[in-house]
Amino acid sequence: MKTSILILAAGLGTRMKSQKPKVLQELCQKSMILHILKKAFALSDDVSVVLSHQKERVEKEILEYFPKTQILEQDLQNYPGTAGALRGFEPKNERVLILCGDMPLVEQTSLEALLSNNAKLNLAVFKARDPKSYGRVVIKNDSVEKIVEFKDANTQEKEINTCNAGVYVIDSRLLKELLPLIDNNNAAKEYYLTDIVKLAKEKDVMIKAVFVDEDEFMGINDKFELSIAENFMQEKIKKYWMQQGVIFHLPQSTFIGTDVEFMGECEVYENVRIEGKSKIINSIIKSSSVIENSIVENSDVGPLAHLRPNCELKNTHIGNFVECKNAKLNTVKAGHLSYLGDCEIDSGTNIGCGTITCNYDGVKKHKTIIGKNVFVGSDTQFIAPVKIEDEVIIAAGSTVSVNVEKGALFINRAEHKMIKDYYYKKFQK
């Protein structure tokens, strides 16, 4: 049975205390709404998002990454509440999966399990450790009797710890029939989607409660909950990679992006941060190193190294306090304290301490190309654009602003000067 998916993302998110819309708050460097959309499009090609607060800003980000998303706008003034969000929604398929835009931890497998039940109305519920302000779910004889919003719950109902996760699967025809019947006769004067359970019950529809994991289905409302969710996501990411054979030393201190890939035997030390679409292949990343959108193969990086975007390392050693950006290094040693930006360096080359590729002239970036088996002495500056042929020696302290031919020794230093007894003359000793 095909499914249409609707994501509710129109709330103000006032508890987040931010100028940025709640669903654009980032979790592991990716907006919450993007985490949800990735899973939604894996399940259906008919995905809609309901927006209101800062609609244009949220819509722009959604369509940049998921251009096939249908965008709807909720009239919060006249139709507030979760049921009000569904006005104007026209599903293309036989049933609808309704998700919340602030639930980025939900796994695709859990949604598939929810969809596997053929009841006309499925409701995701969980046993809450602390029910707080969640809506309470009353279940009798394996069927949902009703959902009571916390604001409207009596003392007895507040004691119930079975809570509404806010995720529904409903037959499209049933939704179309029941939605117009929902009113706003409640304490908040809102149109609650939870009322659809009561209406379905009145028509003797079987409502199936599907129990899910509380942590996975947590809604994120403030910065504290955002931090809890990010920690939870990081634990899952690192657990997965450790099960694939990656060694993490003090994994709780490392950050691994959702799109990072490890291949072969890899080892990651403490306080490492690997971001973006980085690929680490048979490599060791040592303490306190940062890698952004780069490929590291058969290499060791760090400690305290920084690979900025678009670096490609193969069979290379990058030591402490070395920064690379847009650099291709093949069988290279750069042991310490260097900046290698916008460059290509070939096999057998050694980069001495304090080497800099001066790649920016204030207007444009320029490239440095260094060939094979080049020895670069300490404190060398390459003024790009410049090309160093194979088997060259660059003397320490040189500033290289011209191309250097194969096999040459390049020296560029100011003539030294020594003034005898100058100290004694200056201080009259």
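Glycine is no exception: its Cβ is also placed from the backbone N, Cα and C atoms.
Marked as region 'Pyrophosphorylase' by Swiss-Prot on the basis of sequence analysis: 1-223. Each residue in the region 'Pyrophosphorylase' (1-223) has a pLDDT score, and their mean in this model is 94.
When other Cβ atoms within 10 Å of the Cβ of ALA10 (UDP-N-acetyl-alpha-D-glucosamine binding site) are tallied across all protein chains shown, the result is 26. Reduced to three states, the DSSP call for ALA10 (UDP-N-acetyl-alpha-D-glucosamine binding site) is coil. Swiss-Prot lists 8-11, LYS22, 81-82, GLY135, GLU149, ASN164, ASN221, ARG308, LYS325, TYR339, ASN350 with the feature UDP-N-acetyl-alpha-D-glucosamine binding site, giving sequence analysis as the kind of evidence.
According to Swiss-Prot, the Mg(2+) binding site annotation covers ASP102, ASN221. Counting Cβ atoms from all protein chains shown, ASP102 (Mg(2+) binding site) has 25 others lying within 10 Å of its own Cβ.
Here Swiss-Prot flags 224-244 as region 'Linker', drawing on sequence analysis.
The region 'N-acetyltransferase' annotation in Swiss-Prot covers 245-429 and is backed by sequence analysis.
Residues or ranges marked as active site, proton acceptor by Swiss-Prot: HIS336. Annotation for HIS336 (active site, proton acceptor): same-chain Cβ neighbours under 8 Å, separated by at least 6 residues, are GLY319, ASN320, PHE321, VAL322, CYS353. In three-state terms derived from DSSP, HIS336 (active site, proton acceptor) belongs to an extended strand segment.
Annotated acetyl-CoA binding site per Swiss-Prot: ASN359, TYR360, SER378, ALA396, ARG413, in sequence order, evidence recorded as sequence analysis. Sequence-distant contacts of TYR360 (acetyl-CoA binding site), defined as residues of its own chain at least six apart whose C-beta falls under 8 angstroms from its C-beta, comprise HIS366.
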Assigned element (helix, strand, coil) containing ASN359 (acetyl-CoA binding site), judged by DSSP: coil
For ASN350 (UDP-N-acetyl-alpha-D-glucosamine binding site), the three-state class that DSSP assigns: strand
Residues near ASN221 (UDP-N-acetyl-alpha-D-glucosamine binding site) in space but at least six apart in sequence (CB under 8 A): GLY13, ARG15, MET16, LYS22, ASP102
By Cα-Cα distance, the member of binding-site residues ASN359, SER378, ALA396, ARG413 nearest ASN350 (UDP-N-acetyl-alpha-D-glucosamine binding site): SER378
Separation of alpha carbons, ARG413 (acetyl-CoA binding site) and LEU8 (UDP-N-acetyl-alpha-D-glucosamine binding site) (Å): 66
Spatial separation of LYS325 (UDP-N-acetyl-alpha-D-glucosamine binding site) from SER378 (acetyl-CoA binding site) - C-alpha basis, Å: 20
